[in-house]
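*Asks:* Not my notes, these are from TrEMBL:
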DOMAIN    A:66-272  domain 'ABC transmembrane type-1'
TRANSMEM  A:12-39  transmembrane segment
TRANSMEM  A:70-90  transmembrane segment
TRANSMEM  A:102-124  transmembrane segment
TRANSMEM  A:152-174  transmembrane segment
TRANSMEM  A:195-217  transmembrane segment
TRANSMEM  A:253-272  transmembrane segment
Amino acid sequence: MRQLRGILAPYLLSLPSWVYLLIFFLIPLGSMLGMALAVGNPLTGYTMSDNFSIFGQALSSFGDSFIRSFWYGTASTIITLAMAYPVAYWIAFYGGRHKSTFLFLIMLPFFVSFVIRVLAWEFILSDNSFVLGPLKEMGILPEKFRILSTQWAVIGGLVYNSFAYYVLPLYVVLEKIDRRLVRAANDLYASPVTAFLKIILPLSAPGVFAGFLLVFVTNVGDFVNAALLGGPGTYMIGNIIQDAFFLNQNYPMAAALSSMLMLMLMLAILLYSKTFGTDTIQEYAA
Amino acid sequence: MTPPSSNRHDVRLENVIKQFGGLTVVDNISLTVKGGEFFSLLGPSGCGKSTTLSMIGGFENPTSGAIYLDGEDVSRQQPYKRDVNTVFQSYALFPHLDIFENVAFGLRRKGLPKAEIESRVKEMLDLVDLTKFTRRKPGQISGGQAQRVALARALVNRPKLLLLDEPLGALDLKLRKQMQIELKRIQSEIGITFLFVTHDQEEAMAMSDRLAVMNNGKIEQVGTPAEVYDHPATEFVASFLGASNLIPGTIVQRKADTVQVKLEDGALVTLPAAALQPGTGNDVKIGVRPEKFHVLAPAENAEPGWNMIEAKAGVSVYLGVSRQYMMESKTGRPLSVYAQNSGRSEDLAHGETVRLAWNPAHTFAVKAN
């Protein structure tokens, strides 16, 4: 009996986590997949079916939105990385006593509601805003020039909103890097640039990797930026799902699209980890 | 100005001063380290020895003065262009690279052919006895092994000069003793000039051909370990390197080869004139190392010509090879005396009066502060 308890103990101890996962993850996931295959409408209720053709239908109708989402997600994540890395590097290496102040300043805009922040950008970028208006009057920009409703407005919004989420993981890894390693690299004939490429960059790879996943996954599924800053030509898959759910109340289609987005993201992450796993990155550094 | 000529692989510091925001850390140092020498900078923490090393390595620029490597002024040369490599106190091994790549790092930066890198790294790993660990990461080896990797990583580049910044500080005592011998062996095998920084006087004495004792940013004395130990030039050197008994006195007679000093307790002692630094005034402190004293009975006479004072034995500590006595002179000045455990004498009782005798040649003198 005592022996049996010894064997069961780890399982019993992890039971609360399993229950949690079951209630908040597995059941919703299962019901979402079930909903994708269901037929019916909100008024008469739903019955299960084997309507697998809904996935093909989703892909043929909204394939371009999928592609657009992945393109916006990739572009915005790369731009965010390019912008966040120098900032995180600067705070970690030159922030001195004020490191936490700088990090706080980066987090500060996030105390304002997400939607308000995006609306502010809509205001700033609008065709005759206080930014574009004077530039057009002075003839620096052509009268027809616009940012709002273009894909760059959406990508810009995504970059703006994910900036802090990329700075933080980068800061964490950069902060941990022993400065004396740079000195050692300099001692071993590495110029400051080489020392960065061979030592700092590979050692910060885990942060680049983690931040990329965090930002990419969030941005691919985003719909607020596209809805507020984009136009008819910038519909992301998030917008399609939102419309299917709230506007058309086509729950099976919304569920099918969500499941497919999830699957695609998982495949993308898998591929990404295989190619750019931190071990691989560090091996290249040699 | 053309730098004066010098031998190959010499390092010369000329009036080097380093200030950090008004604080003078290195105060006008001039020093020559000869090619192939094992030279130590010895001093307490904060004496400027590590800053001196940093300047030679190129990590700090001197505020004024110049550093010559092989007669070439390198004072403002970037560290990555300087033919000097460093073994850092923290080792600073690159955690994402395996041992082989750590050692190969400098050679790869120099753009050497792959085959040559391969053979030189292997040869070096062989020299430090680490061939079995080539594919391990720095996190997977012990402190002693990491220390040897750091050494190999620097030496593989065949620098003109190797700087070692307290490289044994993080090792335990036994490993440290082993590495001291190992470092000596490697240095004599490859013949590169070693500049070794340490605060451990025993380590500096055991390893160096010559050493410089530093204090408050200045060099107090340069010499072989024996010279510096037997004839310390200043009170600081006398007390930093081993134990010393310093007794104030006044010079009463100066002859061509000897000097007579009247000590504070009235005893007259003789010392070689050479023991006196040139320009020393009449107020001096004479010094005797604790092991140089011979303990005599109260009425016993010393060998002719020897110096002698009276003292009272205090507490003693048994150390195996010797017994260390705390004694007191007639004026109450504490004296340290080591009696060899040679089995020839009996232990002294607490409070016993004795005579301490020593050979005048074993006397040194420093300026009274």
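For all residues, glycine too, the Cβ spot is worked out from N, Cα and C.
Nobody curates TrEMBL annotations by hand; they come from automatic prediction.
Each of these features: where is it, how hidden is it, and who are its neighbours?
*Replies:* For the transmembrane segment (A:12-39), the list of distant contacts is 46-52, 54-55, 251-252, 254-256, 258-259: same-chain residues at least six beyond its ends, Cβ to Cβ under 8 Å.
Beyond the transmembrane segment (A:70-90), the same-chain residues lying 6 or more positions past its ends with a Cβ under 8 Å from any Cβ of the stretch are 106, 151, 154-155, 158-159, 162-163, 166-168, 170-171, 174, 200, 207-208, 211-212, 215-217, 219-220, 226, 234, 236, 264, 268.
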*Asks:* Are there residues at least six beyond either end of the transmembrane segment (A:195-217) with Cβ under 8 Å to its Cβ atoms? List them, or say none.
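*Replies:* Residues packing against the transmembrane segment (A:195-217) from afar: 73-74, 76-77, 80-81, 84-85, 88-89, 162, 165-166, 168-174, 177, 181-182, 185-186, 265, 268-269, 272, 276-278, 281-282, 284-285.
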*Asks:* So what's near the transmembrane segment (A:102-124) in sequence-distant terms, Cβ-Cβ under 8 Å and 6+ beyond its ends?
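*Replies:* Non-local partners: 87, 91, 95, 130-131, 148, 153, 156-157, 160-161, 163-164, 167-168, 171, 224-225, 228-229.
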*Asks:* State the non-local partners of the transmembrane segment (A:253-272) in its own chain: residues 6+ outside its ends, Cβ under 8 Å from one of its Cβ atoms.
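*Replies:* Beyond its ends, the transmembrane segment (A:253-272) has Cβ neighbours at 32-33, 35-36, 38, 54-55, 57-59, 62, 66, 69-70, 212-213, 216-217, 220-221, 237, 240-241, 244-245.
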